[in-house]
Every structure is written in C-alpha cells, then in structure tokens.
Amino acid sequence: MEIRAEEISQIIKEQIRGFDKKVELSETGVVLSVGDGIARVYGLEKVMTMELVEFPGGILGLVLNLEEDNVGVAIMGEDTNIKEGDIVKRTGRIAQVPVGEAVLGRVVDTTGAPIDGKGPINASETRRIEVVAPGVIARKSVHEPCYTGLKAVDAMTPVGRGQRELIIGDRQIGKTAVAIDAILAQKDTDVYCIYVACGQKKSSVAQVAAILEKHGAMEYTTIVAACASDPASLQYLAPYAGCSMGEYFRDNGKHALIIYDDLSKQAAAYRQVSLLLRRPPGREAYPGDIFYNHSRLLERAAKLNDELGAGSLTALPIIETQAGDVSAFIPTNVISITDGQIYLEPNLFFAGIRPAINVGLSVSRVGGAAQVKAMKQVAGTLRLDMAQFRELEAFAAFGSDLDAATQRQLTRGARLVEILKQPQYKPLSMEKQVTILFAGTNGHLDELPLDAIAAYEAGLYTFIETKYPQVFADLKEKQAFTDEIKQTLTKALGEYGQEFKDTIK
C-alpha cells in the first residue's frame with residue numbers, strides 16, 4: 001500500500017482547522033453531607049443566595065445559607081442518589097418559571113414543568129420567581145370590583161381588583177370551596193386565574209382540577225401544585241412561582257386572580273427547611289423572617305396605575321386555624337398584611353349555613369371603594385339588619401313575649417340568613433345577587449316559610465329572565481338602582497310573590 005504524504009498532511013490540516021477548543025469553565029463544589037432534602041456543599045465561593053446549583057443527574061438545588069466554610073442548599077428534587085463527595089456546579093441562574101397564555105389550562109409543578117400529561121409547555125417568556133413588589137407610585141387605589149359570585153362576600157366583604165383578602169378558618173369548612181367559586185365567577189370576565197396548591201394531597205389537587213374542567217374554568221386557569229410528598233423547598237417556593245405567572249398578566253395590562261391554598265402549609269415547609277439549615281428558631285419555632293416571607297409575597301398583589309397599563313393581581317390567601325385560634329402566630333401575621341379577611345366558622349357550617357361566613361368577624365378594608373352603587377344600596381341595609389338580628393337573636397332566646405317590631409326584625413333576619421346561603425359551585429352574577437338582596441331587605445320574603453326561600457330564589461331568576469329581562473340588562477349596564485328599575489323590580493317581585501305563594505299553598 002502506497003503512503004501518500006500529501007494526502008496525509010491534507011487530512012491533518014483539515015483536522016487542525018476543524019479543531020474546536022471547547023473549555024468549559026464552571027465553578028464547582030463538593031457535597032460534604034446530605035439528608036432531609038438539605039445538602040452542605042464545600043467550595044462554590046462566589047455563589048449567590050437564591051442561586052440554582054446543579055447536582056449530578058441534573059437535580060437542581062437552591063442556595064439558602066452562605067456560611068463561613070460551606071453553603072446550605074435545599075434540594076429541589078429526589079435526594080436519594082446524591083452522596084457525599086459529589087460535584088456540584090454553579091448555574092449562575094435564579095429560579096425562573098414559564099409565564100404567559102401558554103400555561104393556561106395546565107397543571108404544573110413549582111419549576112413550571114407540566115405534570116398533567118398534556119405535553120410540553122411552549123412559553124415564549126420566563127420570569128424570576130422572586131421579584132420586588134411594585135412601589136408606591138406604581139400603584140393605584142383599588143376601585144374595580146372582583147366578584148366572587150357569593151352573595152355573603154360580594155355584599156358584606158367585597159373584594160376589589162388588586163386587593164389581598166384572606167380566607168381563614170378551621171379545616172374542612174369550605175375555605176377552598178369559596179376560592180373555587182371565585183375562580184368560577186370569573187368565567188365571562190377578562191380575569192385569568194392561578195390556583196396554587198401548597199402541601200395538599202394529590203387527590204385533592206386532582207379533584208380541584210376536575211371541578212374546574214367540568215365547569216369550563218380550566219381554559220383561563222393555571223394550577224401550580226406542590227403536593228405533600230414533594231420536597232419542602234418546592235412547597236415553600238410554589239406561591240412565588242404562581243405569583244410570577246399572575247404578574248405576567250398584571251404587567252401586561254390584564255387582570256389576574258391568585259389563590260394560595262394554603263399559606264399555613266407553606267409556612268410549615270419554610271420552617272422545616274430553616275430548622276434543617278440550623279437557622280435560629282423564633283416563636284412557634286418559625287424562623288425570624290417568616291413575616292417577611294409572607295409580606296413580600298402578598299405585596300406583589302397590586303392594582304397598577306394607568307401609565308403602567310392599569311393591570312391588577314388580586315390575591316386570596318388561605319390560612320388554616322387550629323380550633324378557631326386566629327391569635328396564633330401565622331394567622332395574626334397574615335391578617336396584618338392583608339386588606340381584610342373572610343372568617344369561616346365551624347358552628348355555622350354544621351348549622352347548615354354555607355358558605356359558613358361569620359359576617360361579624362369578616363371585614364374588607366378597601367373593598368367598599370370597589371363596590372358598585374347597586375350593591376352598596378342593598379348591602380348597607382343588609383349589614384345593619386344582620387347586626388340587629390344577631391343582637392336580638394341572643395336576647396330573644398331568654399324572653400318569649402316580644403313586641404311586634406322585634407318579632408318583625410327577627411323574621412327579617414332569619415330570612416336574610418337564608419338568602420345568604422348558597423350551593424357550592426353556583427356563583428351568581430352581580431345583577432342576580434342585588435335582585436334577591438333587594439327582595440330580602442325590602443320585606444318581600446317576610447311572609448314566606450323559611451324552607452321555601454331556596455325554591456323562591458331559584459324561581460325568581462327564571463321569572464325575571466323570561467318576563468322582565470330588562471331589569472337584569474339595566475342593572476348590568478347602569479350598575480345602580482334608578483327609580484325606574486326599582487319600580488319595575490318591585491312590580492316583578494309582587495307579581496312573582498303572589499304566583500309563588502299560590503304554588504306552595
């Protein structure tokens with residue numbers, strides 16, 4: 001075989017020309033110890049707090065503690081394959097999630113990865129999960145209503161776009177149900193919804209997803225799920241990830257509603273991570289910055305001014321109390337951060353008053369400015385009547401011989417309590433709510449038996465839609481009771497009342 005020197009030199013030249021000197025420079029560290037979802041890493045001298053680092057196998061970790069000779073890292077995934085001596089690389093990135101309309105209708109985890117089996121998410125934009133809340137000048141005071149579809153909430157403790165309204169109460173008394181109703185009520189509005197499930201059972205999250213799917217609400221909703229079996233670091237970060245998704249809509253002049261279900265479990269997850277990192281514990285063993293943890297999250301809900309597009313992010317955080325103790329550490333913290341609370345009570349729930357909202361303890365500090373005039377006109381009387389009823393009810397339990405005026409107030413109050421009851425997943429539009437409240441506060445129900453009120457209400461909407469459709473149309477358009485609307489509605493209520501009494505005789 002003849003060796004051609006020219007050919008060989010040509011091949012070598014080609015090889016040299018095509019040689020690409022790829023040197024990958026990365027700052028690395030070594031795992032000193034690992035356990036309980038926390039790794040201690042030696043090295044990584046220039047690493048920054050909240051930076052992502054990469055363990056072997058592509059598992060990410062979040063840098064939380066920067067100490068003299070090591071770094072405390074919360075592992076955001078399965079830690080069983082990570083061992084002492086493993087090499088850890090810096091990524092130079094801060095945790096980000098995909099945002100935009102691509103995430104609507106999807107169930108994702110804290111990192112934004114889909115967990116619903118519907119394929120990858122093709123989002124055109126990602127955002128950091130930790131950003132600074134809008135400043136004072138960037139904001140505008142809350143002035144537009146954000147309807148929950150629940151009469152008790154929209155009349156007594158109204159929520160405005162850009163508000164933070166806490167839902168607080170013991171376990172299993174309908175806190176999530178109130179939040180889901182609020183999502184369903186946004187169906188024909190321009191509000192996008194984010195539901196953050198934090199530390200919940202996977203079956204509960206699947207149930208919520210099924211309910212939203214069934215009612216056609218999933219098309220404008222994203223579910224961010226960090227379930228009970230997920231690492232504590234992911235449960236702690238889930239609300240921030242969901243908030244970034246909601247902020248995309250807020251910053252683009254749109255409106256979003258976010259539900260944190262619930263922040264008690266998020267606080268417990270953060271406590272777990274902090275104690276494992278050996279941070280000094282404070283009251284109830286929570287770390288010293290637990291208040292800041294919640295305040296920096298909830299301050300991101302805001303109504304922006306017109307120059308910034310007038311978008312809004314409304315937050316409904318949920319807190320679970322133990323035996324109604326609202327003076328515990330986390331409940332008092334979140335109550336002080338939010339703009340009001342909806343307090344749910346077990347006694348009311350078991351008495352069949354659902355949603356079990358305690359009207360006396362529930363308050364909305366800024367929602368009044370967002371209430372439409374029509375609702376204000378009926379809710380003012382309603383609040384007064386309810387307060388008098390509660391007072392008289394306690395008094396009436398002792399005395400049987402009551403004068404006619406007191407009897408009348410008790411009768412009216414009992415009917416108003418009945419009106420405020422509402423079946424689950426049946427949110428009402430504003431015009432329907434003000435119609436039934438107008439009927440109640442103006443005495444149209446006083447002569448009806450209590451057990452007939454639910455049937456009366458259901459029939460009333462159908463009656464007005466068929467015979468007096470102009471009433472709903474006018475209320476929707478004018479958002480206030482004019483003399484003309486009042487006259488027409490009073491006439492309709494009189495007509496329907498007579499018709500209804502004949503059917504129940």
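Glycine too: its Cβ is placed from the backbone N, Cα and C atoms.
The ATP binding site annotation in Swiss-Prot covers Gly169, Asp170, Arg171, Gln172, Ile173, Gly174, Lys175, Thr176. In the three-state DSSP classification, Gln172 (ATP binding site) falls within coil. Within 10 Å of the C-beta atom of Gln172 (ATP binding site) sit 10 other C-beta atoms, taking all shown protein chains into account.
According to its DSSP assignment, Ser362 (site 'Required for activity') is coil. The number of other Cβ atoms within 10 Å of the Cβ belonging to Ser362 (site 'Required for activity'), over all protein chains shown, comes to 21. The site 'Required for activity' annotation in Swiss-Prot covers Ser362.
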For the ATP site built from Gly169, Asp170, Arg171, Gln172, Ile173, Gly174, Lys175, Thr176, further residues of that chain with CB within 8 A of the site's CB center: Glu320, Leu344, Phe349
Arg171 (ATP binding site): tally of other CB atoms within 10 A of its CB: 11
CB within-chain contacts under 8 A for Asp170 (ATP binding site), separation at least 6: Glu320, Thr321, Gln322, Ala323, Gly324, Leu344, Pro346
Inter-residue C-alpha distance, Thr176 (ATP binding site) and Ser362 (site 'Required for activity') (nearest angstrom): 17
Sparsest Cβ surroundings (other CB atoms within 10 Å) among the binding-site residues Gly169, Gly174: Gly174
